[in-house]
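Report on the following structure.
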């Protein structure tokens, strides 16, 4: 059955479309089923790019790309790899956010696997239904905190799907050995529970007493089925993500990109921002807006810079101020703090600061870092107040998607009179201000997670350690030259992502061997090993 010509043309991993040559068409029984012309992969890509640019909206472009992937996987990844800067905002932030919100309405075909609360006790058996022979990487979400959009439930599947497409394009994971997963534990979003097109289980989120055993069963089943797989947790709500990472990071090969990946990529940008302002790390005062998984993850990574400067953790924490919905986080505020917030709660405040503006006036920060998910929360008054006291303010407006950014790049440059070092989570176009062109930095996890995941997979790491995360950040930072840093550039161009991911993988593998985390016998040439494992989209299978 699977050798029928119709099956070959409908199998995205095998289909070449008009790329089948005449000999293949004869051998496979495809004569007459395709137009006569035989096209190269580049010719097919040129047409696909023309089709892509012809659509009027980014959501239409997103749907087109995913339909292409479901038709011809090789062509999709060839097109994506050669146009990554153009297409990354489509397959991932910010467009993927809209796609997730409209997942039920725009559903065309199933991708990945879904494990619901009703499947408890059957997850391992269900995994045998996955058609691929092996899996190297899983990205799993429960849909509870999708980007800055909140609880989308099963609609969040677009995030694991898009993330794995970036793993393939950025690092060279083999697409047939990737698995996107949704653990459907319900949703508390009334709109979706009442939406006739919603495809998930229609009940509120299950209690922790059921949730944690469900996740535990999933992980045990995954590592039983694929012992060398790496699992990346994605977009899981703050009330669960820290607990899951703490529970499993030393048991399985796994990491949380929202905590560790975000921390690593922002650490890299901060390293270069510090280089740019030419002020020692010990002299920086950092105000964070948002104390969730990403904010705490970033602060934990930045703490490593203080450690390298010989500053104790207790002393280093005095350089951090966290602001949440209730104001400055202090030990005397009177509310119940999570363990993550407690470690950064200020002990030296007998008075309460209720707003970000009050905190900025009080602290006079050198850096303000937004991971709040609240668009526009860096007001003109806040940024101008900060800029009064700092020659080169560091402004990181990192919330995704673009509509949730704390301020725009244009606002940051205007309100600081072009003096700030700016980075965002989603892309912004270059800004013209007073005759000068500013290119905003994008603190995109895409710089980190492909190379980090590839490293862990290639060397068969036992676990992903803090040292490996920090090594990835430092490697990324090294791609920006001193002369570029002084102009305000803090991240390299994404067009170099395969080179960046390869170098990060090599350096992280070296760190894994240094720490005794790598289980694969050490090769003579780590870089050669990494490159030998990287997928290249081609109809010549000898290249894959």
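Cβ coordinates are placed from backbone N, Cα and C, and glycine is handled just like the others.
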Which single residue out of 246, 257, 258 does Swiss-Prot record at the NAD(+) site shared with 145, 400?
-> 258
Feature region 'Disordered' in Swiss-Prot, mapped to one of the ranges 1-22, 23-44 | 1-22
Listed recorded positions among 92, 163, 287, 290, 299 whose Cα sits within 10 Å of residue 145 (NAD(+) binding site) = none
Cβ contacts of residue 290 (NADP(+) binding site) (under 8 Å, same chain, 6 or more positions away) | 323, 324, 370, 371, 372, 373, 374, 399
Which are the residues of the chain, 234, 235, 258 excluded, whose CB is within 8 A of where the CB atoms of the divalent metal cation site average out, their centroid?
-> 141, 145, 146, 159, 233, 236, 241, 256, 257
Binding-site residues (293, 400), the one with most neighbouring Cβ atoms at 10 Å = 293
NAD(+) site, defined by 145, 258, 400: further same-chain residues with Cβ within 8 Å of the Cβ centre = 146, 147, 148, 235, 293, 294, 373
Listed in sequence order, the recorded positions within 10 angstroms (C-alpha to C-alpha) of residue 258 (NAD(+) binding site) out of 92, 234, 302 are 234
Compare the Cα of residue 235 (divalent metal cation binding site) against each of the recorded positions 92, 163, 296, 299 and report the nearest.
-> 163
